[in-house]
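Everything below concerns the one structure shown next.
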Amino acid sequence: MESRMITVRVPATTANLGPGFDCAALALSIYMEVHAEPADRWEVVYDGREYASLEGGEDNLIVRALVGTAALGGKTAPPCRLRVRSDIPLGKGLGSSATAVAAGIELADRLLGIGLSLEEKVKIGSGMEGHADNVVAALLGGATFSHYRSGRVHTIHIPAPDVSGVVLVPENPFSTEESRGLLPDRLGHREAVGGSSASGVLAAAFATGDWMTAGMMMEEDVFHEPYRQGLFPDFDRIRSFSRSAGAFGTAVSGAGPSIFVLAAPGSEEALAAKLGEEFPGYDPIAVRATAEGASAVPV
């Protein structure tokens with residue numbers, strides 16, 4: 001590794017978008033930046049208190065992704081000091097773990113000159129995460145619809161969807177494992193067909209910019225939201241209020257606890273203000289879809 005410093009930036013993501021369970025994700029205009037410089041040992045320092053509880057050494061997820069990617073590229077990653085600044089709420093369903101994995105992959109590739117293709121980064125990230133939703137959008141930006149099975153990833157990438165939204169972030173986090181534990185082992189054939197068709201139309205609507213249809217399909221999930229609704233006591237009210245305020249559709253962001261509201265470009269700030277006033281238990285964050293995936297920024 002050259003004796004130099006580098007900074008990478010990775011977007012937050014909202015996954016599932018309703019019926020696109022473990023498949024669909026959208027990169028959002030909230031970011032994590034990781035600054036790396038050579039050091040005698042692995043050290044990770046987070047700006048701000050929210051991330052202060054995370055591991056600060058070689059067991060940190062960014063470090064593990066960096067070291068693992070280096071090994072896959074036939075390299076050995078020498079220790080670095082990583083300084084992390086993130087505006088992404090931790091443990092709130094906005095892909096914070098996928099962002100860390102994407103940052104580690106991007107750092108390894110750039111620091112060690114591995115020369116990974118985007119397809120290779122996506123495969124590595126999906127393997128580390130175990131599914132190909134948040135991490136693919138974090139790496140590529142835009143909207144992504146991915147199929148991941150037996151270590152192979154097939155992705156449809158919509159680079160620059162012209163759409164915005166609001167993320168409603170509650171105060172308390174909960175774990176993805178807790179949320180996944182509520183899901184059934186099986187779905188009936190009729191339910192699965194309905195969910196599959198909604199997911200397909202959702203992807204087509206994103207590809208064509210048909211946001212009204214996209215919003216309607218976001219609200220047709222049968223795979224996870226019906227089983228997680230007990231964790232979101234305000235969900236139905238938020239969905240109804242958002243629709244009356246002009247939003248396209250509402251869905252649980254990832255495994256939650258945040259809620260994502262899809263909206264027209266330019267409407268996100270006003271919509272966030274309305275939602276914040278109506279639902280004071282949530283922090284409303286106005287966002288836009290971003291075409292920017294994991295990338296280096298000038299130091």
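Cβ atoms here come from the backbone N, Cα and C positions, even for glycine.
Remember, TrEMBL labels are computer predictions, not curated facts.
Per TrEMBL, the features are as follows:
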DOMAIN    60-142  domain 'GHMP kinase N-terminal'
BINDING   P89, L90, G91, K92, G93, L94, G95, S96, S97, A98, T99  ATP binding site
DOMAIN    203-280  domain 'GHMP kinase C-terminal'
*Minimum Cβ neighbour count within 10 Å among the binding-site residues G91, G93, G95: which residue?*
G91
*When neighbour density is defined as the number of other C-beta atoms within 10 angstroms of a residue's C-beta, which of the binding-site residues S97, T99 has the lowest density?*
S97
*For the domain 'GHMP kinase N-terminal' (60-142), DSSP counts of helix, strand and coil?*
48 helix, 7 strand, 28 coil
*May I ask which residues of the same chain, at least 6 positions away in sequence, place their Cβ under 8 angstroms from the Cβ of P89 (ATP binding site)?*
E50, S96, V169, P173, S258, D283
_Need one number: mean pLDDT over the domain 'GHMP kinase C-terminal' (203-280)._
96
*Beyond P89, L90, G91, K92, G93, L94, G95, S96, S97, A98, T99, what residues of that chain have CB atoms within 8 A of the centre of the ATP site's CB atoms?*
A12, I88, G254
*May I have the DSSP-based helix, strand and coil counts for the residues of the domain 'GHMP kinase C-terminal' (203-280)?*
42 helix, 9 strand, 27 coil
